[in-house]
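> The domain 'LRRCT' annotation in TrEMBL covers 146-195. According to TrEMBL, the repeat 'EAR' annotation covers 198-240, 244-286, 290-337, 339-382, 386-429, 431-473, 477-519. Sequence annotations record features per position, and here TrEMBL assigns signal peptide to 1-30.
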Amino acid sequence: MAGLRARRGSGLRLLALSTLGFCLMLQGSAKRPPKTPPCPPSCSCTRDTAFCVDSKAVPRNLPSEVISLTLVNAAFSEIQDGAFSHLPLLQFLLLNSNKFTLIGDNAFTGLSHLQYLSLANNNLQTLPRDIFRPLDILSDLDLRGNSLNCDCKVKWLVEWLAHTNTTVAPIYCASPPRFQEHKVQDLPLREFDCITTDFVLYQTLPFPAVSAEPFLYSSDLYLALAQPGASACTVLKWDYVERQLRDYDRIPAPSAVHCKPMVVDSQLYVVVAQLFGGSYIYHWDPNTTRFTKLQDIDPQRVRKPNDLEAFRIDGDWYFAVADSSKAGATSLYRWHQNGFYSHQALHAWHRDTDLEFVDGEGKPRLIVSSSSQAPVIYQWSRTQKQFVAQGEVTQVPDAQAVKHFRAGRDSYLCLSRYIGDSKILRWEGTRFSEVQALPSRGSLAMQPFLVGGRRYLALGSDFSFTQIYQWDEGRQKFVRFQELAVQAPRAFCYVPAGDAQLLLAPSFKGQTLVYRHIVVDLSA
């Protein structure tokens, strides 16, 4: 009995000791210090700071609680998008004294708590636009010691510096020479000329053409093209949804050289000029939705048409036909009640090539260019209701095309020549004076046009690419702007189609190309 009591006492003591040991173990584990957070080999870390030297990339395995990160002598040159997104609590970011040359557009995304950013003493020449926009509470920024190129890519920074509440130490331009050593904060925005333009290929019409005429009818935009190769005047319609020119209708015309649309008293007519087989006027019948022939144009008077010009004088509609044959005559036709009737023979026996109607200072004029003599200027006589010869443009012995434009208070003529330089002339009150000569061997087409306040000149050639010039207001001359790969253009046609500004280039040898005028902000 005594032995049984001894064995029970021994078991109780063992149980007590085991319980005590378990309790002590629990107590000891509760007092164990926390595990040290991860830290990359190139960094020294505390719970909320990291100081990294010679890192090959932004360290990824840092504690998420880090609020201060310093990178020194980093072994990489580009800070990529989202480089610090794994450190959302970051408040202080010191990236100075490295060799950074590029920063991603979204490098600082996700750092909504960042207050201090130091990018000093790097090799930064530019900064992505609005790189600091996500940093809502940024209070201090240091960009000193970089080689900033103060071109259009820095314009946004000048604007931001003028409106931000962030304290930014003075920074200076390293280039270009005119801004070298200038303080970025003091650069005047007017010195940044950052808006440029371009003509980009927009649509290809898979056929040759020799003329293009836009017109509005019943609030829709159309385009009439002369296609002698397809024996037709083709009418295209602008699709405002698809933003493309689409086939609409065709008028039979085996040798069409010009298709001139005219909307008279809400009725649509198309004058079809042909080299052979006579010329005609067609009328659009909205009931049958087709073009029907309205009348012939006298083949004895108009033998070899080359151009058509339509215009209105004192409420009356007219069109003129330039005749390029030896036996024909450039002629004027007038609308009367139900048709167009011969009104005046202007210019006989002179191989006329182009017409330009000018209505300035209340004096309507018609300028006729010719391949055999100097261009002739006619002025409208309201007494005789006819054009009267006023004189010649003696500065050029011949011209394939004649166009005009106004710049400020001055009037100018553009005259293209197949042999010799094309000319830009300015009206001096009693005569024209030459302003500029443009190399243009093989030119049959020349067209000035205005897009959003910018004036251009398209000059074509049968032997080289088309040249686009832009008007320099200060120099009062055209300067070369762009080259377009157009083969043997026969016309240029500017077409505003909603928000799309188009330039059509009908080609005699290749496809008809449609270019779109775009505005490019170099500071973006």
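Counting starts with 1 at the first residue shown.
Keep in mind that glycine also has a Cβ here, set from the backbone N, Cα and C atoms.
Help me understand the surroundings of these features in the structure.
For the repeat 'EAR' (198-240), the predicted model reports an average pLDDT of 97.
Within the chain carrying the repeat 'EAR' (244-286), a Cβ under 8 angstroms from the stretch's Cβ atoms is held by residues 203, 205, 210-211, 213, 215-217, 222-228, 230-238, 292-297, 299, 302, 304-310, 317, 319, 321, 335, 339-340, 514, all 6 or more beyond its ends.
For the repeat 'EAR' (339-382), same-chain residues at least 6 beyond its ends with a Cβ under 8 Å from one of its own Cβ atoms are 269, 271, 281, 294-295, 298, 301, 306-309, 311, 313-314, 318-320, 322-333, 388-404, 406, 411, 413, 415, 418.
Summarised by DSSP class, the composition of the repeat 'EAR' (386-429) is 0 helix, 27 strand, 17 coil.
Outside the repeat 'EAR' (431-473), and at least 6 residues removed from its termini, the chain residues within Cβ reach (under 8 Å) are 197, 199, 393, 395, 400-401, 403-405, 407, 412-425, 479-486, 488-494, 501, 503, 505, 517, 519.
Here the repeat 'EAR' (477-519) has, by DSSP, the following mix of helix, strand and coil residues: 0 helix, 29 strand, 14 coil.
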> Restricting to CB pairs under 8 Å, which listed stretch, 290-337, 386-429, 477-519, is in contact most with the repeat 'EAR' (198-240)?
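Counting Cβ pairs under 8 Å, the winner is 477-519.
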> DSSP helix, strand and coil counts for the domain 'LRRCT' (146-195)?
21 helix, 10 strand, 19 coil
> Using a Cβ cut-off of under 8 Å, list the residues of the same chain at least 6 residues beyond the repeat 'EAR' (386-429) that approach it.
332, 343-344, 346, 353-356, 358, 360, 365-380, 435-448, 450, 455, 457, 459-460, 471, 473, 476-478
> Using a Cβ cut-off of under 8 Å, list the residues of the same chain at least 6 residues beyond the repeat 'EAR' (477-519) that approach it.
195-214, 221, 223, 225-226, 238, 240, 243, 245, 424, 435-436, 438, 444-447, 449-452, 456-458, 460, 462, 465-471
> Tally the residues of the repeat 'EAR' (290-337) by DSSP class, grouping H, G and I as helix, E and B as strand, and everything else as coil.
0 helix, 33 strand, 15 coil
